[in-house]
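Q: One structure, pasted below without further comment.
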Amino acid sequence: MADVTEPPRESFRLSQLLYDSRYRSLTIQVVAAMLIMALLVELVDNTVTNLAALGKDIGFGFLWTTAGYDINQQLIPFSSQDTHARAAVVGILNTLLVAFLGCILATVIGVLAGVLRLSKNWLIARIMTVYVEAMRNTPLLIWILIVFAVMTEATPQPREFREGGSASMILWDSVAISNRGVYIPRPVWAEGSGLVVAVFLLSIVGIFALRWYARRRQEATGQQLPVLWISLGLFFVPALLAYFVMGRPVSLEYPELGGFNFTGGVQIRNSFIALWLALSLYTSAFIAEIVRAGILAVSKGQTEASFALGLQPNRTMQLIILPQALRVIIPPLISQYLNLTKNSSLAIAVGYMDVRSTLGGITINQTGRELEGMLLLGIFYLITSLIISALMNLYNSSVKLKER
Amino acid sequence: MKKSVFLGTLAVAGLAAGLASAQSTLEQVQARGSLLCGSNEGLAGFAAPDANGVWQGFDVSLCRAIATAVLGDPQAVEFVPLTSQTRFTALAAGEVDVLVRNSTWTYSRDTDLNLDFVGVNYYDGQGFMVRSDLGVSSATELDGATVCIQTGTTTELNLADFFRVNNITYEPVPVATNAEGQQQYLAGACDVYTTDVSGLAATRATFENASEHVILPEIVSKEPLGPVVRHGDNDWGDIVRWTLNALVAAEEYGVTSANVRELAAAPTANPEINRLLGTEGELGAMMGLANDWAVNVIAAVGNYGEVFEQNIGENTPVGLARGLNAQWTDGGLLYSPPFR
């Protein structure tokens, strides 16, 4: 008869917290958490005490007082009589604008440079190596200042564009590159232009529908449609037709030299160009390496298998390599987008009025609310980064390996 | 773990700062043996290092005067260059003992920012500088102009007000420092450079062709520039205030760096001079300083008029007239309360 002996049930003793490996890690974590909490409390308490010693309180009422300063680049109307909060929003929009356009341009240049660095052409591959290494091994601030210096020092002043001046506008007198920015024509929307825009948007929807239909058809029957040509046709023809049928309601307002500056048209300021280009060039070098790594991560066998099936090289890239490479590319790409967005706060160096310059610069300075302003600024960048990260993660989950 | 180390470091740093501020500013300066003076990053005539790297200028002289009063040595000053954006934060945080950096005395700075303006060493006003070949003769003709402006200044707000009140438009180009503004203006990236008239004159003095630039006649604001200290340490504020007053009073009574030793050797017929120079009464002790502090100050830097003429007066490249900054006896605004 087997005698099963139960292991003796020990009662819990306090010393087990230290000597029993089952509980020790818990003890350490609790102690560490308490220490961190204590330090945090001390930090906050210290801040409040020191602020009180300086005679300062913490409050956000300053946001609703009159800003009193002007902002040159405004995506929403702003005057010096508006509030600091609105100034902050103007700055936020400027930050988002440069970050958004920067991410797009950086991706385009980065993908190109990454693919070209793998080129079999010795010269192209070496040039791209030099580009990537030069860009990512020098500080971003230097590139911002270099682009800005080129834009302000090497371009003519607006008055050089006068009669007898040494500069002239390019592209049939429609674009002026001056040391205050690039002036381009502005579209003027007359009556009936809404219809043209609507037709144009509809034709874009049509292009996506066409692609969807073509894919379904190919999956069902194996027949391919000339998607590119039909898309191009859809892109241009309906909108142009609507444009002429409605009696050409959209016209261009050209920049003209009047008084001190060009008037009319759209001014793209040098500060914006400098920041945008420098951010894009700098980040594109990192993206190029990410893209190169992604492509190299796809095994050679995939290409060979694809060739064996009779796919052409560009179809191989499009259907076999890139979908697999994207899985490797997207996660580090997210952090590059986040970097670019946060790096845009270097805008202050060239006087671009982003949120760091408005809320984190002039507002703080005119109101003396450093702590509150920097706190808000930190929260803004945190939220923006989290949103970008969330969006990119959504995209990532759509391209990652589907395991069924 | 890294996080807690970081937070711990922050907390300790904060604690250290808290302990340090328990000492009065005067004690800190004496213990350190030098005065930390917040100054401009380079404005000819007011505060700029010379060819030998020695800081010179109108504002610099006031710093040296304070150092002489407290430590007896005009060279015992460390100059901390501050931008218009960082200056008040640096002062409030205790990075400098006194700020003498063309800072305008305003209501909100004095009250809300918890600073104390202890006097005015230069009565100024905001002006505009343009190239003379633009043919502009008045600031009201500047509709549509591009204006370079230092951020974080009162001039930034005055500029917005001026253009709004006159119903004309402008395009602000924000710059961080006077040097950057100068470079942008010379490159033609802005039509107009605006700051205090004294600053414009000082900037123009460094131009290759100063005569190609004019300062427009409009003065669009009151800019009383003066030394600033932290609110709450009134004893230190008194020292800075009365050092400035001593310079002004010395000019009024005809005490110069040349004759101050002679006048201080024995009581003179003028009791005001005697009290200022410590040959009568115990005025220095009331501030915790030596009785002959004013003698040392004037011997080291000269009186207000000497400092003015030496750095920004009409015989210097900056070439400013005394104007509002003349003694009250000459129709100006300089008026020192009595030394009594």
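Just so you know, glycine gets a Cβ as well, placed from its N, Cα and C.
TrEMBL feature annotations, pasted as is:
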TRANSMEM  A:23-41  transmembrane segment
DOMAIN    A:92-392  domain 'ABC transmembrane type-1'
TRANSMEM  A:96-118  transmembrane segment
TRANSMEM  A:130-151  transmembrane segment
TRANSMEM  A:195-214  transmembrane segment
TRANSMEM  A:226-246  transmembrane segment
TRANSMEM  A:273-298  transmembrane segment
TRANSMEM  A:374-395  transmembrane segment
Q: What stretch of A:96-118, A:195-214, A:226-246, A:374-395 shows the most Cβ pairs under 8 Å to the transmembrane segment (A:273-298)?
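A: It is A:96-118, which has the most Cβ pairs under 8 Å.
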Q: Are there residues at least six beyond either end of the transmembrane segment (A:374-395) with Cβ under 8 Å to its Cβ atoms? List them, or say none.
A: 60, 88, 92, 95-96, 99, 330, 333-334, 337-338, 341-342, 345, 355-356, 359-360, 364
Q: Take the transmembrane segment (A:226-246) and find every residue of the same chain, 6 or more past its ends, with a Cβ under 8 Å from one of its Cβ atoms.
A: 192-193, 195-196, 199-200, 202-204, 206-207, 210-211, 214
Q: Please indicate, using numbers and ranges, the residues of the same chain that are 6 or more beyond the transmembrane segment (A:195-214) and have a C-beta under 8 Å from a C-beta there.
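A: Tertiary neighbours of the transmembrane segment (A:195-214) are 224-225, 227, 230-231, 234-235, 238-239, 241-243, 246, 249-250.
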